[in-house]
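Q: Please see the structure below; I have some questions.
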Amino acid sequence: MTLQITETYERLRASHISRWGIVQTTYPQNIAEHMWRVWLLCRDWGAAAGMPQHTVRQACEFALVHDLAEIRTGDAPTPHKTPELKELLAGIEAQIVPEVAELEATMAPEARELWKFCDTAEAVLFLKVNGLGAHAYDVQHLLMEQMKRRLMDSVLDVEVQDELMFQFERTIKKT
């Protein structure tokens, strides 16, 4: 691990970078908690869907680092990320933590889809439990629709897609 990523992890430990700047919540989720919860979902749901271990491992590895750049940039709300802003942020993030950009560039498409599904699912689950008001409800449902659409358009086998949706729906009913 390079000095740059070690320093980034130290900042993560020492600071409280909150997510959900545009959505009122009962609890100020931080980036470390979010990445850990995405890791749990990748590990559990990937295995339940019968995905190869190396694919699940790759998604899990990325889940633990995917938002490290937000320690310096802050959390840019997804609804405000235009394609131009996404491209700009990707360039900035690659300069801040190049290891994360390198890891993402080498991810298998199936691992990327598992991670992205779990990343969005974690946000939906967090808002279901902690979101306050109509805006939080609207954002939760917008994210859920985006997640479902992306999954249907993904490279994942239909059986894997079905199992991931089953795991998500079972989890959201329990919350």
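Glycine is no exception: its Cβ is also placed from the backbone N, Cα and C atoms.
What Swiss-Prot records for this protein is below:
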- R19: dATP binding site (BINDING)
- H34, H66, D67, D119: Co(2+) 1 binding site (BINDING)
- E70, D75: Co(2+) 2 binding site (BINDING)
Q: Can you give me the Cα-Cα distance between D67 (Co(2+) 1 binding site) and R19 (dATP binding site) in Å, rounded to a whole number?
A: 11
Q: Other than H34, H66, D67, D119 themselves, what residues in this chain have Cβ atoms within 8 Å of the centroid of the Co(2+) 1 site's Cβ atoms?
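A: Close Cβ neighbours, site residues excluded: I31, M35, V38, A63, E122.
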Q: Give the number of CB atoms, excluding that of D119 (Co(2+) 1 binding site) itself, located within 10 Å of its CB.
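A: Other Cβ atoms found within 10 Å: 21.
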Q: Quick one: pull the CA-CA distance for H34 (Co(2+) 1 binding site) versus E70 (Co(2+) 2 binding site), whole Å only.
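A: Distance (Cα to Cα, whole Å): 12 Å.
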Q: Calculate the distance in Å between the alpha carbons (Cα) of D119 (Co(2+) 1 binding site) and E70 (Co(2+) 2 binding site), and round it to a whole number.
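A: Cα-Cα, rounded: 15 Å.
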Q: Rounded to the nearest angstrom, how far is the Cα of R19 (dATP binding site) from the Cα of H66 (Co(2+) 1 binding site)?
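A: If we compare the Cα positions of H66 (Co(2+) 1 binding site) and R19 (dATP binding site), the gap is 14 Å.
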Q: R19 (dATP binding site) to E70 (Co(2+) 2 binding site): how many Å between their Cα atoms?
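A: A Cα-Cα distance of 9 Å.
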